[in-house]
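*Asks:* As listed in Swiss-Prot for this protein:
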- Lys160: active site, proton acceptor (ACT_SITE)
- Gly58, Trp60, Asp78, Asp96, Asp120: S-adenosyl-L-methionine binding site (BINDING)
Amino acid sequence: MGKKDKRWVLQRKNDHYYNLAKRRNYRSRATYKLFQLNEKFNLIKERNVVVDLGCAPGGWLQAARDIVGEDGFIVGIDLQTVKPLPHDNIIAIKGDMTKEEILKQAKDLLPEKPDVIICDASPNISGVWDVDHVRSLELTTMALMTATKMLKKGGNFVVKVFQGDLFEKYVQLVSEYFDKAFTTKPRASRDESAEVYVIGKRFNGKKFDMNSKSPIVKLLDTKPVEEEITSPSLRKEISKEDSGLMIKRIKEMRSKKE
């Protein structure tokens, strides 16, 4: 085991929320993030219907179930298979949350439109700040788009976002679809993490506008460019140049979209 691996194991052993989750049979320390977010913003209530986007490994499914109780209902969606949980009011679907057939499958399972949509999903991490920020925004914007397709009017939304240049513009975008938008970092988030949670309270019923002039929406059109600049061959070249080329290309991409 290398020094980095040993350091990671030691850090986890000393992690309060990791140990707490393990003792209480929660699948992830992130379970406590949702508990803390809900305590502060009253997002989920007893008997609510909840959809969890990017639900693997199931920590937020467990937290949501503890809050809604046996009379609530939760559907999770993830590209990975999620090990079943011992509750008949939790169902996890394997699939892409942006695909209409997967959304239809989720809607068909729900007893009614969801009261709350939650998303703690993370993109694949490259280790390059600008790239990870763009990937995070692409993922969270797709989550917002999905929320506007599914939420009942007056419903709530919470999503994890990585901080960066366009973070405030994402918050502004969320505020177009909800009466109030908030940002917060729960106690269970690690101090060194760039993650922040964006909360939308009381969905106004407006459908997602793909023709919006928001630079965040425009990012959804940049996937081919992003794939190009993060390809293994270019990453190898970039690592020799201290990642400068990658950062330059992403900034060029942003300026064109703005």
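Heads up, the Cβ atoms here are built off N, Cα and C, so glycines get one too.
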*Asks:* Where does Gly58 (S-adenosyl-L-methionine binding site) sit in the DSSP three-state scheme?
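*Replies:* For Gly58 (S-adenosyl-L-methionine binding site) - judged by DSSP and reduced to three states - the answer is coil.
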*Asks:* Counting all other Cβ atoms within 10 Å across every protein chain shown, which of the binding-site residues Asp78, Asp96, Asp120 scores highest?
*Replies:* Asp120
*Asks:* Which residues does Trp60 (S-adenosyl-L-methionine binding site) neighbour through Cβ under 8 Å, counting only same-chain ones at least six apart?
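*Replies:* In sequence order, Ser28, Ala30, Thr31, Leu34, Asp52, Gly76, Ile118, Asp120 meet the Cβ cut-off.
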*Asks:* Check the DSSP secondary structure of Asp120 (S-adenosyl-L-methionine binding site), expressed as helix, strand or coil.
*Replies:* coil
*Asks:* Taking only the Cα atoms, work out how far Asp78 (S-adenosyl-L-methionine binding site) lies from Lys160 (active site, proton acceptor), in Å, as a whole number.
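*Replies:* Between the alpha carbons of Asp78 (S-adenosyl-L-methionine binding site) and Lys160 (active site, proton acceptor) there are 15 Å.
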*Asks:* Between Lys160 (active site, proton acceptor) and Gly58 (S-adenosyl-L-methionine binding site), how many Å separate their Cα atoms?
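*Replies:* So the alpha carbons of Lys160 (active site, proton acceptor) and Gly58 (S-adenosyl-L-methionine binding site) sit roughly 15 Å from each other.
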*Asks:* So if I measure Cβ to Cβ from Gly58 (S-adenosyl-L-methionine binding site) and keep only same-chain residues at least 6 apart in sequence, which ones fall under 8 Å?
*Replies:* Arg27, Ser28, Gly76, Val82, Lys83, Leu85, Ala92
*Asks:* Taking the Cβ of the residue listed as 'active site, proton acceptor' as the centre, how many other Cβ atoms fall within a 10 Å radius?
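*Replies:* Taking every protein chain into account, the count is 23.
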